[in-house]
């Protein structure tokens, strides 16, 4: 940026450090070379708009496709609520944060983004979100789960601060992050088991004595609600089930078209008065078209014009995701089996994987310099689709339908990873253009973008009368993001480079971040027990003021008003 506007394009083209090989677009080259130098602000504005769209991609893919498939996998494996909550559902809730942190940590020059995002999101969640929940619905938090989560999160933050102070992390220390999360999972499961055992013992005692015993209450009762998917309050695609109704009755209700769109077959029903003489079965093409329609007309009529405008903007993205990501719903009778669309997924999903993984590097590779990998993947997908289409029916899912949830999990994860790569690259470009540190971009744009959706969901859950569930999701999610994001990201960098990862020297803003997060956790650890674990409105106001002061100090530090 010290060069003249005319010379910046040549510098970007000739300097290897300016190449962004991991992303689909070289945003530095686009910023300085796409348009004349006097139109660079326009290019930056377009990049910021694209950044906002990528945040929508992250949230939509995680909530509508990634989380439902994780739930289906945990249901198929018959995992308990606690195990699913701290593993699959935690990954579903924190997918954007984890993938962004993993991508940023896997590249030496953007590790500061990950530090800023993880610490910034930690402060945001433990102050703004927890404070908003306390303001919306004052409540008494479950004591032992709260103390357990705060202690584990303080340990993760302390470990990260030590590593930043040293500037290096070894393979053993990286595996220690993953090991600490395993210990956390075991602790959650063990505490839930102890609570369940105590509850059953109290129940048996009350039956044996035949006397009135107050209902056994424990502070562990919140364990089974931990990390409930925040996206569950949003509408899912295809909420309709198969129903058997007579067309005459449907005409009277004026919903014949909607019901036919959501049904595979209109068949015999309980009320013989409205049973058709012959069953009506929807054609394969109609099933495909209705499955690719992301709009439920009944929901559409109830929503405001703002919701409709946003929905119209998101429809192309939703259709693209519906075309490439299968979703299995174990709560439905047909498990969301859509034969033509699911067969099409066997072609599109592998193709998306090879064309988006590592920016299409493997998809464009030519076998013996002749046949591209993407063409071989396409042929294999078409062959597999034909076999499944010829051996299945529209009405009944095949026995192996659960495997589609695994395919959906992989494809949605790759979509999220690709979007996270672009987000990190754009933020890196903005840091270069505006001379901002990666830490500041991480604690503001990246942290807010990844956390704002879950924040609204947590507040909504609290407003519906479940504040303890919202607090559990707050603290449990950031533990997962910190330990898994740092652990997997550093492992990826070790596999690509040296066995010891070296971080850039930590600046003053990094220590402001770490100190503020540690202080907020310490205050919560002390103040909440002193308040008898009651989180009221005054405590919520205190947390919001704490975040405002932290943000002011961080900005003053970034722009040099506070310095060593």
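Placement of Cβ uses the backbone N, Cα and C atoms for every residue, glycine included.
Keep in mind that TrEMBL annotations are predicted by a computer and have not been checked by a curator.
Straight from TrEMBL, the features:
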TRANSMEM  39-62  transmembrane segment
DOMAIN    49-189  domain 'Sodium/calcium exchanger membrane region'
TRANSMEM  83-105  transmembrane segment
TRANSMEM  111-134  transmembrane segment
TRANSMEM  146-165  transmembrane segment
TRANSMEM  177-195  transmembrane segment
TRANSMEM  371-391  transmembrane segment
TRANSMEM  403-421  transmembrane segment
DOMAIN    405-555  domain 'Sodium/calcium exchanger membrane region'
TRANSMEM  427-448  transmembrane segment
TRANSMEM  469-494  transmembrane segment
TRANSMEM  506-526  transmembrane segment
TRANSMEM  538-562  transmembrane segment
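Comparison of 39-62, 111-134, 177-195, 538-562 by number of C-beta pairs under 8 angstroms to the transmembrane segment (469-494) places 111-134 first. Of the candidate ranges 146-165, 177-195, 403-421, 538-562, 538-562 contributes the most Cβ pairs within a distance under 8 Å of the transmembrane segment (111-134).
At the 8 Å Cβ cutoff, the transmembrane segment (506-526) and the transmembrane segment (39-62) share fewer than 3 close pairs (sequence separation 6 or more) and do not count as touching. DSSP assignment over the domain 'Sodium/calcium exchanger membrane region' (49-189) gives 123 helix, 4 strand, 14 coil. Packing against the transmembrane segment (39-62) from elsewhere in the chain are residues 5, 27, 30-32, 92, 95-96, 99-100, 231, 314, 317-318, 321, 325, 412, 415-416, 419-420, 422-423, 426-427, 429-430, 433, 445, 449-450, 453: each is 6 or more residues past its ends and has a CB under 8 Å from a CB in it.
Sequence-remote contacts of a segment are chain residues at least 6 beyond its ends whose Cβ falls under 8 Å from one of its Cβ atoms, and for the transmembrane segment (146-165) they are 115, 118-119, 122, 173, 176-177, 180, 184, 187-188, 191, 219, 471-472, 475-476, 478-479, 482-483, 486, 503, 506, 510, 514, 517-518, 521-522, 524-525, 528-529, 533. The stretches the transmembrane segment (427-448) and the transmembrane segment (538-562) meet in space: the count of Cβ pairs below 8 angstroms, excluding pairs fewer than 6 apart in sequence, reaches at least three.
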